[in-house]
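Peer 1: Structure incoming, see below.
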């Protein structure tokens, strides 16, 4: 790998360019250059790589299956929404060299990232970046360049003092351990040291009893505190002699605060901690819209990557829009648009591989689409998905636990054939209820096609049309048992005639009108029946609506465009990051009671304790990333904004002042305070931005979690990128207090 390998980089069946790939000496960077021009086209870090797939595991490589054997093909998958890299090696041996080599390089990340491991990687990365002449030494000029790269605008005299103090050999350069000393001096955490000394009698260590006092008084740990203190010392104290004496040094204290136990996210809520034996209607369910699309809704690319990415994020409700294809082969794409197409069989194969890799909870698969190949589509689904569950009882007590490792089909059910052909579809929209008549017309068009898809005969059939309509659609219809799609004709009608095994789909505009006009009825309806919300047909750019207002009335399946980063997807990821990321979150008790009086527009209608006050002292930030595409030498001016997303009375945001020219270790020491009337529904979003007085602030990082998952005390918040991927070691240090 370090000698370099000539491979084909593939973007399409006709675009196959030879490129020279090489692993740099730091074993952290791979670059590739054009064979023809010799120009370096791009580079990526090993830390950007999520996994490596062998063989024909992408649409592009599958299209080349007859030309290149699977042994020579592999795909590099990156974190977030960055496109995959499809490669074809010159031989199976070369392919295996890269596949196994990359896997070994990324494997250490499967272990917990302690501050020590992060620091080692961080130090090595920065040394390699700043050592321009690659002589293994760093002079003061290179150190100044390094500080700019690290988001630090430091006084030159102070930087020189740190440099000279670390230069033990007095050679005028830093190398090896000298650079480590310089880095440690640069990253000294005064605020953490001050906190440590507040509880340490001698200022050098915390005894077991002193650590217990800190855990009880500040971290509000009230059970098994002595046992917890012993565990933390054994786990995070780097000194063997200190561990033997049951004491914690300042380094060990910092390691604890940066660990999962010191995170703002309650570690007890990381795993499966909620009751999974409630009826399905009692859960919020992570759901995607037009899952196959990874771009816009009109000309965007359809890809199995859409399904893989959604499933890896814990999504449990997917959509498959299936339409006629060549040679009787059903295709998946956005009907009546110019989006690309993928074979339905590839979607089925992908679901079989990835459906339960993240969570074991059941999967809801919504299948809609064009008119002719429903029978073949139904048979393919039944044969291709061994975990399809057609024998599901329609009892209202059906639970996620009972459906573990199963797949349910959501769709229209054949009753009377006339109902199937003539009745309004499950996504029918009333122009009077929608914000835009064009949207209503678009939804009626979709529904008309979707309603026909279950019953029409295949081309060229000479049999009686009505017989063929029933027989071809029956295979798929028989699989639709629990999530039978029905039209929504009002809450009273639903209460009188609908069943818990049925589901209605509403446009975002229709849902908003119901929330405004009948909030409490909507909440009651969602205690016993599933409701799906989907984006407006006018959102051709794949933008998202705000999901919080839909969750406020208990809508379970709030479908979002997973391919589009932004606040809406941050909220979705934040809500479903708990409970083992299984994609199901239990609603609060007052949203599971069919006689509930709760209405999100009236927070006093909630039964239970009164409001709570959330106090957040934003203390400091650590090693915040630079904003993309900024000028060389530019340093960010960071500020922190805290947003509350919940019922209307709780919606709020506050922000700190900005700190000039310091993205490395900014100090704010500001307290923000919020009153929450319905904390059970609140999500808290921490956002770091680069202040700009002449234009819109630039995004730096964020972290979102449900209020119920907040752990009070001194906590670190480990920031995520716009794509929702971690950006270690970037973090915020805060002090959280919750009072009633």
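Backbone N, Cα and C atoms are what each Cβ position is placed from, and that goes for glycine too.
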Peer 1: I'm validating the feature mapping. Which of 369-393, 394-418, 419-443 is tagged region 'Disordered' in TrEMBL?
Peer 2: 419-443
Peer 1: Go ahead and report the DSSP secondary structure tallies for the domain 'C2' (592-721): helix first, then strand, then coil.
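Peer 2: Per-class counts: 12 helix, 62 strand, 56 coil.
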Peer 1: Taking DSSP states H, G and I as helix and E and B as strand, how many residues of the domain 'PH' (1-107) are helix, strand and coil?
Peer 2: 27 helix, 42 strand, 38 coil
Peer 1: Could you give me the DSSP helix, strand and coil counts for the domain 'EF-hand' (154-189)?
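Peer 2: Result for the domain 'EF-hand' (154-189), in helix, strand, coil order: 21 helix, 2 strand, 13 coil.
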